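To start, the structure under review is shown below, and the notes come after it.
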């Protein structure tokens, strides 16, 4: 084993008896038998491997009794061109340009088909939406790199109306060493995303309103109404800018929609369930009691949908369906809980306070009825 570069041997000796080693590119495999319960072996090795610049995985051995510990470099390098990330980025830029041009800049689809360059008029909308989403995911990414947890670059997700995207995700491939690291990575996304959201919203409020074409005003088609979160109204009040106009031919600049998207996705990401940011944060803040909190989230969302339907007499298209869908989604992801840190040392009061403030900011982005489909 001494001939193989990798994690220090004294990290393995107390918990794993090594019979043989081999290499596969940068990966190192240690064949042998655990000296601790196999269920806790990876957690025991996680921190010393991380300090040495590796992540740890377990594989089945060549014999029934054998276990293979795999050390994979996790030094933060990006090997080669991240083609998948780039392809999704380009696709999402195109989808947000097209959706923005048609839905928010009122350019007829036929005109865009005849001259695709017309879609470039929607570049401010695209920059606003992708700006807040990318800022959110880069917050996770940079926090992960800081703590030497193996995380991927953001994957943007293209979609259709109303925003041209379903958001973005990153992948965390490394094990979580402790609750502090789990909290820092979880909270970094919402906080960085909220900073970008405030900036984008302020810029959008300072821009001139859009003029709605007469054929759109006279149309009998359904209209999507995006109601203002409290944070948006607070920013508008602080800047002395309107969020609506008495003139029915005027509407806010599409850049403000980028801020609205940031606020809406912040609320959803802060739900304290599963692999969502809120799930990671509450797992770090409360430990295993997070499971109790997570079990209540679907009930709360279904209850919210029922309240809007039975008490407020709102229709499925007036956010009843939205919260019912997220109730189902939360039910599914609740069974795939947040990352489990190897070290369960509780957070200090400073991080607990940051967590509470982050959830308070998220509450300013919440609306009972964020979206209504009317007409």
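Using N, Cα and C of the backbone, Cβ positions are placed for all residues, glycine too.
As recorded in TrEMBL:
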- 86-106: transmembrane segment (TRANSMEM)
- 118-139: transmembrane segment (TRANSMEM)
- 125-291: domain 'Peptidase M50' (DOMAIN)
- 151-170: transmembrane segment (TRANSMEM)
- 182-205: transmembrane segment (TRANSMEM)
- 252-271: transmembrane segment (TRANSMEM)
- 292-310: transmembrane segment (TRANSMEM)
- 322-341: transmembrane segment (TRANSMEM)
- 353-374: transmembrane segment (TRANSMEM)
Can we call the transmembrane segment (86-106) and the transmembrane segment (292-310) in contact, meaning three or more C-beta pairs below 8 angstroms at a sequence separation of 6+?
no
So what's near the transmembrane segment (118-139) in sequence-distant terms, Cβ-Cβ under 8 Å and 6+ beyond its ends?
92-93, 96-101, 104-105, 107, 111-112, 154, 156, 163-165, 167-170, 188-193, 195-197, 200, 203-204, 207, 253-255, 257-259, 261-262, 265-266, 269
